[in-house]
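Marked as transmembrane segment by TrEMBL: 72-96, 102-120, 132-154, 166-188, 200-224, 236-255, 291-310, 322-348, 355-382, 388-409, 416-437. Taken from TrEMBL, the feature domain 'Sodium/calcium exchanger membrane region' covers 102-257, 292-433.
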Amino acid sequence: MGPLELQMEPLEKIPDLINEGEIHLNSSSPAANATRKVYASGTERSHFNSLAEVTKSCDLKWVRNRMLMSSYLVLIKAKINVLLPFGPLAIMLHYLTGKHGWVFFFSLLGIIPLAERLGYATEQLAFYTGPTVGGLLNATFGNATEMIISIYALKNGMIRVVQQSLLGSILSNMLLVLGCAFFTGGIVHYKKDQVFNKAAAVVNSGLLLMAVMGLMFPAVLHFTRSEIQYGKSELSLSRFSSCVMLVAYASYLVFQLKSRHNAYSPIDEEEGQIEEDSDEEEASEITYWEAICWLSILTAWVSVLSGYLVDAIQGASESMNMSVAFISVILLPIVGNAAEHASAIMFAMKDKLDITLGVAIGSSTQISMFVIPFCVVIGWIFEKPMDLNFQLFETATLFITVLVVAFMLQEGTANYFKGLMLILCYLIVAASFFVHIDPTTSND
């Protein structure tokens with residue numbers, strides 16, 4: 001048997017040929033040399049196959065370990081995640097007891113950590129997308145909880161709940177969140193006034209005043225009965241104004257992220273250098289696709305809980321003897337703003353008020369210039385009469401709040417007394433809505 005014929009034989013048949021005496025491995029014949037080469041190549045092939053199996057096994061272990069690590073970072077590591085079990089508990093109570101008060105309360109508690117984790121997943125994804133796309137992601141997912149709750153309420157025809165909950169989110173961010181941040185930061189740094197960049201504060205204050213204008217004209221038009229077509233002109237004006245506000249907010253994003261990026265850096269160059277160094281040290285904890293998967297999972301879970309939350313609002317109002325207006329303006333926004341509240345206070349204690357203003361005032365700007373007009377457009381698609389007429393009491397409250405905060409920010413300094421004033425203003429607003437009866441409800 002020649003060497004070429006031998007190499008064509010399968011590896012399993014070579015021992016039989018040796019036993020039959022056709023091949024002598026100890027000889028120096030071409031067949032013996034070919035046999036040794038075939039055995040060597042077979043050994044390499046078997047070694048390669050075993051290496052491939054080991055590599056595949058290692059890949060599976062790596063994927064499993066990454067899944068476990070990612071689950072730990074998102075679902076277990078943060079202390080606020082101790083509230084996660086309240087979500088499934090709210091669903092169980094909905095079907096077992098039907099007590100709307102407890103379902104509403106547990107749904108609130110269950111959504112709080114989800115809102116915070118949505119912010120975490122968005123921050124992780126921003127590591128891979130860069131500042132421009134990261135800013136768009138923050139605009140989209142930063143207030144995802146409010147948007148999801150609003151869309152569910154809008155589909156159920158609860159337009160006043162949508163209006164009041166979004167208004168409450170603006171009031172909560174501007175008065176309660178910013179006030180607590182100024183107060184705690186002022187206590188920690190009581191020997192000096194904390195300083196922040198006035199440029200970003202002025203631009204955000206201007207956008208908030210523009211939002212007040214967009215909300216005020218439909219309300220004034222309605223209550224002065226000066227519409228061409230009563231009830232229709234108000235809705236048409238709201239939809240047109242919403243489109244204009246969305247264009248203004250998109251322009252603001254471009255302006256903030258590209259055109260005048262340097263205008264929004266901290267005014268102290270040394271502080272800016274420190275922040276750059278800290279940004280370089282930070283690294284993403286989860287991968288790109290893990291962040292996308294967790295965003296999808298958390299958004300879906302928030303959507304589920306939001307459905308039970310919205311369904312329980314009316315029953316909770318009756319069982320707790322609270323008006324729907326108070327629940328919508330005061331209680332619901334506390335849930336959506338839990339993440340902003342914690343992060344704003346943390347940055348204020350670290351004397352990074354520029355980031356605190358970006359969290360608190362920036363979130364209010366997103367809601368007033370993006371979320372509210374977006375809900376009007378969604379109502380337009382759903383054929384729901386969602387408009388910008390938030391009633392006179394709510395519009396006046398927003399207008400006064402924007403003025404108060406704008407005056408507080410005009411100097412570019414913060415201290416614990418300014419924070420205390422903002423918190424006390426929020427208490428007045430909360431008490432006002434506690435005794436306020438919605439005109440629509442009273443007429444019904």
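All positions are counted from 1 along the displayed chain.
From the backbone N, Cα and C atoms, a Cβ is placed for every residue, glycine too.
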_Given a Cβ distance threshold of under 8 angstroms, which distant residues of the chain, six or more beyond its ends, lie next to the transmembrane segment (200-224)?_
170, 174, 233-234, 237-238, 241-242, 244-245, 248-249, 252, 255-256, 263-264, 354, 357-358, 361-362, 364-365, 368-369, 372-373, 387-392, 395, 398-399, 402, 405-406, 409-410, 412
*Residue list, the transmembrane segment (322-348) vs rest of chain: Cβ under 8 Å, 6 or more residues beyond ends.*
80, 104, 108, 111-112, 115-116, 118-119, 143, 145-146, 149, 160-161, 164-165, 167-169, 171-173, 176-178, 180-182, 184-185, 188, 194, 313-314, 316, 355-356, 359-360, 363, 394, 414, 430, 433-434, 436-438, 441
*Range from 72-96, 102-120, 236-255, 388-409, 416-437 with most C-beta pairs under 8 A to the transmembrane segment (166-188)*: 416-437
*Tally Cβ pairs under 8 Å between the transmembrane segment (355-382) and each listed stretch (72-96, 236-255, 388-409, 416-437), then give the stretch with the top tally.*
236-255
*Would you mind listing the long-range same-chain contacts of the transmembrane segment (416-437), meaning Cβ under 8 Å and 6+ residues beyond its ends?*
171-172, 174-176, 178-187, 190, 322-323, 325-326, 329-330, 393, 397, 401, 404-405, 408
